[in-house]
There are 2 protein chains.
Amino acid sequence: MTTIDIPEDSPFGFANLPYGVFSTPGTRPRIGVRVADWVVDLAAALGDDVFAQPTLNPFMAQGHRRWAEVRDRVTELVSGQVPDKAAHPLGSVRMHLPIQVGDYVDFYASEHHAANLGRLFRPGAPPLMPNWKHLPVGYHGRAGTVVVSGTDIVRPCGQLKAPDEDAPRFGASRRLDIEAELGFIVGTGSPLGTPVACDDFAEHVFGAVLVNDWSARDIQSWEYVPLGPFLGKSFATSISAWVVPLQALEAARVPTPPQEPKPLDYLREGEPWGLDIDLTVQWNGQEVSRPPYREMYWSPAQMLAHMTVNGAATRTGDLFASGTVSGPGKHQRGAFIELTWGGKEPVQVNGESRDFLQDGDEVVISATAPASTGGHLSFGEVRGRVLPALTSE
Amino acid sequence: MTTIDIPEDSPFGFANLPYGVFSTPGTRPRIGVRVADWVVDLAAALGDDVFAQPTLNPFMAQGHRRWAEVRDRVTELVSGQVPDKAAHPLGSVRMHLPIQVGDYVDFYASEHHAANLGRLFRPGAPPLMPNWKHLPVGYHGRAGTVVVSGTDIVRPCGQLKAPDEDAPRFGASRRLDIEAELGFIVGTGSPLGTPVACDDFAEHVFGAVLVNDWSARDIQSWEYVPLGPFLGKSFATSISAWVVPLQALEAARVPTPPQEPKPLDYLREGEPWGLDIDLTVQWNGQEVSRPPYREMYWSPAQMLAHMTVNGAATRTGDLFASGTVSGPGKHQRGAFIELTWGGKEPVQVNGESRDFLQDGDEVVISATAPASTGGHLSFGEVRGRVLPALTSE
């Protein structure tokens, strides 16, 4: 038996217990829980086949009562001794995409981000569109290109047209960017014709991950009118390997910033689902931004209520992301297009000047939240490195 | 044994042989081929378990050589006698969603439709955006709400704001519309980082279906800037039950209308993939439109090449639709917002005046294409009836 030593200040202690899908050399992907620097194999420890599956979906589909029950059992398990065959040092495992993604929706819930992008993309016009404070603006992204942290990102090619050029040309994106976001995973779906009320959020949402919504700004700016972003985003979206259970975020719940005008009834929360989470963005190992999630105008409960108010069904594995997390300060911007103001104000990264991403650059987004036991819990990280485009120009 | 009598002019003869998923009372959904007014149970007839599955995905994933081989075997089978247990009269079966949808993308490939909507949504501005003739504009829709023909459509609720109102209100859509489209189903996916060339279209695309992209125009017009349509579309998208194999459409292949300016290299086709297909839209049983697919500016091969040029992966079951099929004539418009010019020019339907859909209305979209044996083949139909909204106002 293995006794797992959990340092008192560990961000992966009893207050966290995130789920992921891991494998060790020569074995199949299965479900584990991270505790300190260990991964506990749940199928091996609890003898339940639902944890021997290669995604969290079958477990998530069992519903929120079951999630709470398993969390209690896991707490008990890691408090005592874990069978040796179920305890793997973190360094010995490989992590996989934890969910089979159903639909992927990306919102646009930071007022600071939306206003900054409005100023950059539509200079001279009001920074926020008239609808922005009435509803959480969102759109569907590509579910099939959601990848797990650590996956390399090949620089995308596509049509590029500068405002002063007559026609587009084909080439590799020169304005490759990130968007630091939080993503929410639907555990229990809702049938067609059944809106999910804000206050039923915790019955449906299993947990949260970090998201890097890689964005090719030059492809996006030429293609996105009138039907929205498409190839500028669809080449890859990275998520963190560890899914932090919603139950672990109770201590992080805070009200959203004041919403004026008051939203329509279906968007009003009984209990707040703003989240006091601090993200950190590292560019080649240097911290360049600390986006505060607590500044997000719309809460994830409001996002889910909006997404389903027309009767749209949700499914186990649906992923909806917050959109870029940006705060009011320059050092709080979650996308490089904002941080460098469209490339006009480069930042220094390890002594080199950067506007957008260069080949070989690596971005790591991490986050912490207050833990119910005091101290903080960690979301782990979402990491990605940029590889050169496949096409020579 | 059953001998299937195939009338010489049957639109479901040897030149068609579409695949679907059916069940008879008390049995599980499985794969069948439609021949005249019969459904042939392929698992029962060919003894291959891949056809006992509840979706076409496992069969489609076997690749285009296998699709051709099975088509030959099915041709042989229905030319002779079919085991009784494998032959079901069409009227005795229930049809199911034929595929498990991966990602759903909707294009906007009709110049007439895009220009009409430009005039209606952005009066005074140029009808086509500057990017429109350079790339097939498209966006991701909601895969989880794709439903099979015959599914009732509940009128969606959401935020509505007329241009002359100060703030949105919540209510049932009053401008519920259709979009008559053709959809293409990816059989063999392509990995991340691998663009699919126009000329590889037939290696990846298994077949085509009819699509009704139900659209709540009042929800859409308020929400869609700047990230595109979302709740105005995501409540339901209907597809026909029978998937017409791409092989059956050889005789329908025609060049697209002239493309000027010449598209970039990756959008150039060696062999044309325009399609000479005639759609028909019936509103409460009365034909109101005959949209000609051959007028579509962008071909489906160009759509797939564009969708993957940034390295985005495709998966078995991905569905991409053409966008509304509209021709130059008024009687060729595939959406009611165009047909009635935003409701200003109502049409007469069985002696009643109609602009948008009323509760109880039923829409049936059908289509025919030239068959390789002479005559025509049919896409069957995509049918849907509007039920009242769930919320009383």
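Note that Cβ sites are derived from N, Cα and C of the backbone, with glycine treated the same way.
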What does TrEMBL list, out of A:Asp213, A:Asp218, as binding the same Mg(2+) as A:Lys233, A:Thr237?
A:Asp213
One of A:Asp103, A:Asp106, A:Asp278 listed by TrEMBL as binding Ca(2+) at the site of A:Glu179, A:Glu181, A:Asp213:
A:Asp106
What does the structure give for the C-alpha distance between A:Gln220 (substrate binding site) and A:Lys233 (Mg(2+) binding site)? Integer Å is fine.
7
Using the Cβ centroid of A:Asp213, A:Lys233, A:Thr237 as the reference point for the Mg(2+) site, which residues of the same chain not in that list have Cβ within 8 Å?
A:Asp106, A:Gly141, A:Arg142, A:Glu179, A:Val211, A:Asn212, A:Trp214, A:Ser215, A:Ser234, A:Ala236, A:Ala321
Given A:Thr324 (substrate binding site) and A:Glu181 (Ca(2+) binding site), what distance in Å do their CA atoms have, once rounded to a whole number?
5
DSSP helix/strand/coil residue counts for the domain 'Fumarylacetoacetase N-terminal' (A:15-98):
35 helix, 23 strand, 26 coil
Longest CA-CA distance among A:Tyr108, A:Arg122, A:Gln220, A:Tyr224, A:Thr324, per record bound to substrate, angstrom:
18
Looking only at the domain 'Fumarylacetoacetase N-terminal' (A:15-98), what is the model's average confidence as pLDDT?
97
At a 10 Å cut-off from the C-beta of A:Gln220 (substrate binding site), count the other C-beta atoms across all protein chains.
21
